[in-house]
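Peer 1: Quick paste from Swiss-Prot:
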BINDING   Cys486  heme binding site
CARBOHYD  Asn5  N-linked glycosylation site
CARBOHYD  Asn276  N-linked glycosylation site
CARBOHYD  Asn393  N-linked glycosylation site
CARBOHYD  Asn476  N-linked glycosylation site
TRANSMEM  30-50  transmembrane segment
TRANSMEM  322-342  transmembrane segment
Amino acid sequence: MEVHNATSFLGHGGMAQHLQPVLESPFAESILALTPLQGIALFLCLFWGYSSLTLHRRIKVPGAPVHGYWSWLEPTWLLQLRYAKDAHKIIASGYKRYNVNGKPFVLRRQDLDITVLPTKYVAELRTIPNAKLSRGKANFMEWGDQWAMKNLWSHIDLPIKVISENRHGQQGKYLEAMRKEFEHAMEVEMPQVDDWTAVDIQKIIQMILARMVGKMIVGKEACRSPEWLDLAEHFTEDFVGASIIMRMLPKWTHPLVTNLLPQRWRMRRRLRDAVNITNPCVTRHREAREKRAKGIEVDYEDNMVGWMLDNAPDKQYVLDHLPILILIILVPAAHTTAMGISNLLFHLCEYPEWGAKLLKEINDVNNEFGPIGERLPAKDWVTKLDLLDSFFNESQRLSQPLSITPNRYAVEDFTFKDGLHIPKGALLGWVSIHNQIDPKIAPDPDTFDPLRSYRKRQVSAEENAKHLAGQPSLENLTFGYGSQACPGRNIAITVLKMILSRILRDYEFKFGDGQARPQNIYLLEFIIPDPKAKLMVRKREASVS
């Protein structure tokens, strides 16, 4: 058998001559003599050694200890490894040990540190401008960084404005457009079955939302195209998957790893393909504007692409970055809403006695005000569903998508009113699962109580306007808090109730024989429903044609 050494693979040219002294050095000979197992061990030692050296560069908030060590003997690299699967427990115990007593603590991830502040500081977020504590920059750090999100992110605030702006009633227009598309989505996506059938309900809800949200963002023609449906179904999966991987790696590895991830390859490809969606949208919008300017009626519904083109201070920037901008809107709009609906259905199957109560409320509202959108616009119709609102609040309390939210990035040095100093560059977060573990926030927190919010609203007229789904409060941080709370929360809650009021009226759901509520998956700060979970579904007898 022919034997090769390192130099035989370099040829006999100049490169081999230059490298010959290096390859023949005692150090190189020692490296080349290592077994594969020894080589892996050496690599890991160098990897974690360099990672440890970079820890001193992390921004430190005075008085905030690192939490999560088993003991003082545990090395930091082991804590960082454990954090991937134990984050939920570490966050909960840190809240009880420090936050309850008014003190901050630090979560030490592989890529960065998060300083977790007590809930008392949340109230100040209302008055702190984005220029000091930024949600946008925090999201950029959490969902990647300049390497992970290169060419896949835009710091322009136009996607936030297009969702939150309502000067000309465009939110109502968007909801009406989505309501119409919902009818088509139900016909295409929901199974028309009279007998109990096992279905992937999460996938079904995801695709219904992909069509509805697509109608709002890119319009009717685009939202039904195979290109859009593929983008909506798979881009978010790769986006979240890439983010999870990057969070589990030291930041110094990101420039190397970002180009090796298959998720990143697929994201880039779909971003290029998105041009085939946005270019026709731009053309249709331009043609509709020209005809309207001439007084010609056109069959064209306003959408978010058109709003951005009409209202952007730099139209050319929008044209150049439109695929990125629509994806920034799509990812949170469809993904988290689908999770919320799926979790509610899981809870309803776990507590089936509530099915008849929710159905009665839906039928009563339907009988009094007609079908949604007929006599009342969607945003007003769904406000009549008080019991469904409270049921969703409780379901979301126990199945939130993230255990740390809101987040803020310190753009500059900042000091809270009580003197807590936050240095520039610090990443801040709050424990959003506090209402799962703190009896002072939610009495008997382990109990599923669908009337928890409903009872609070009955106390007084003032309280009746509070404790609503999607309404940020010190007790409910799921949608953030303050002036930078989730801008699309009202649209999301309206769409969620729109979908649930229809499918609960038309369909029955239950677990399969021997099946219980699927367990959530905890990974880093993410709380994810079991993607393999299925439900049994059939059309209600009154709905069977």
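Even glycines carry a Cβ here, placed using N, Cα and C.
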Peer 1: Going by C-alpha distance, which of the recorded positions Asn276, Asn393, Cys486 is nearest to Asn476 (N-linked glycosylation site)?
Peer 2: Asn393
Peer 1: Return the single residue from the glycosylation sites list (Asn276, Asn393, Asn476) that has the minimum number of other CB atoms within 10 Å.
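Peer 2: Among the glycosylation sites Asn276, Asn393, Asn476, the lowest count of other Cβ atoms within 10 Å belongs to Asn276.
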Peer 1: Hey, how far is Asn393 (N-linked glycosylation site) from the residue listed as 'heme binding site', Cα to Cα, in Å?
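Peer 2: Roughly 16 Å, rounded to the nearest whole number.
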Peer 1: May I ask for the distance between Cys486 (heme binding site) and Asn276 (N-linked glycosylation site), taken between their Cα atoms and rounded to an integer number of Å?
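Peer 2: Here the two Cα atoms are 29 Å apart.
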Peer 1: When you measure from the Cβ of Cys486 (heme binding site), how many other Cβ atoms are you left with inside 10 Å?
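Peer 2: Here the count is 23.
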